[in-house]
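Report on the following structure.
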Amino acid sequence: MRKSPVFRALGGTAFAIGLVVAAAPAASASPETLASSPEQVTAMERDLGLSTAEVTRLLQQEEQARTLEQEVRETLGEDFAGAVFDIETGELTVSVTDRGAVEAVREAGAVPRVVAYGEGTLDQVVEELNANVPDADAGVTGWYVDLADDTVVMTVREGATDVADDLIAEAGVDAAAVRVVESSEQPQTFATIRGGDAYYIGSGSRCSIGFSVSGGFVTAGHCGGVGASTRSSDGTGTGTVAGSSFPGRDMGWVRATSNWSSSPLVNRYNGGTVTVTGSTESAVGASICRSGSTTGWRCGTVQAKNQTVIYPQGSVSGLTRTNACAEPGDSGGSWLSGSQAQGVTSGGSGNCSSGGTTYFQPVNPILSQYGLTLTRG
């Protein structure tokens, strides 16, 4: 198999799962952190084209980058305009709109970059577009902040660029800040009605558990509305959807009964688990892995944040865009970077045979929305 550019660069430089979460493995399997997990290494070798040593080095670099991004963000305050991790070099590039902040970025250990717009301005463009969402059949499939390009990318079906131009004009945003891209992608949510090892909603819809929280677990909002009954794959655990938002956002949580106990574990679908230790966000460009009841453990990279997707059921904003694959039934499942919880599967296009784009709902807004506490190890 041809190795990816990631392999060459690193080598040249130094949708159900019970609440014991996500579908706990046999009792003999010991929880491990993601960085030391043989299953994690195997998944990243398969999906990113890396060797064992390169995976270990990459995870270490990403952990350092997460810490560095938080430090620089706090130091710069309003001058911080976004950060992008380079998976090929291991460097974190921090954008600023004020040239006077360049030296502070460099002294902190990051690569400075002066941009015209930056994260804050581009996020505002997204908010303006979100207030003018067209119908799903209009031809526009979504938009997201591309920090590396310092633009908002709007994706449309072939021949729908005129619709995009009209939408940009109607929203009153700076047209130079928006890049329109034709795409054959058809985003859809990943819930399904199918038997298997999963958690079920109502009469049989299947989704995947995201993360344990005090009193239950978080998942995707489109998996079920408030009041819907839920059960574990073996039928021993029961609960009720206590919070759900979809469309608009894709967040939800299930309040579990005492027979469905909480755990900080996520299934790696290879006999082991990952112990969740926190929920610090990873930068754009970082590697990320997900767990789901249909396709198991899959990995990719974070391509963009603040993505708005126009599903047939309505638009959802605030999602994160990745190139990891997923399929129906994976909805609601866990996304992790290292041992840090990142989000729950929302939807996407493609599959794990041909590849595709998958979006996840970040976990921290779910915790904040419903006043939940993440279960940690």
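Glycine too: its Cβ is placed from the backbone N, Cα and C atoms.
These features come from TrEMBL:
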ACT_SITE  His222  active site, charge relay system
ACT_SITE  Asp250  active site, charge relay system
ACT_SITE  Ser331  active site, charge relay system
DISULFID  Cys207-Cys223  disulfide bond
DISULFID  Cys289-Cys299  disulfide bond
DISULFID  Cys325-Cys352  disulfide bond
DOMAIN    121-175  domain 'Peptidase S1A alpha-lytic prodomain'
REGION    328-348  region 'Disordered'
SIGNAL    1-29  signal peptide
Using DSSP, what is the helix/strand/coil residue split across the region 'Disordered' (328-348)?
0 helix, 13 strand, 8 coil
From the recorded positions His222, Cys223, Asp250, Cys352, pick the residue whose C-alpha lies nearest to the C-alpha of Cys289 (disulfide bond).
Cys352
Inter-residue Cα distance where the pair is Cys299 (disulfide bond) and His222 (active site, charge relay system), in Å:
23
Please classify the secondary structure at Cys325 (disulfide bond) using three-state DSSP.
coil
Could you tell me the C-alpha distance between Cys299 (disulfide bond) and Asp250 (active site, charge relay system) in angstrom, no decimals?
21
Taking only the recorded positions Cys207, Cys223, Asp250, Ser331, which one has a CA atom nearest to the CA atom of Cys325 (disulfide bond)?
Ser331
DSSP-assigned states of the domain 'Peptidase S1A alpha-lytic prodomain' (121-175) in counts, ordered helix, strand, coil:
25 helix, 13 strand, 17 coil
Within 10 angstroms of the C-beta of Cys289 (disulfide bond), what count of other C-beta atoms is obtained when all protein chains are considered?
27
Could you state the CA-to-CA distance between Cys223 (disulfide bond) and Asp250 (active site, charge relay system) to the nearest Å?
9
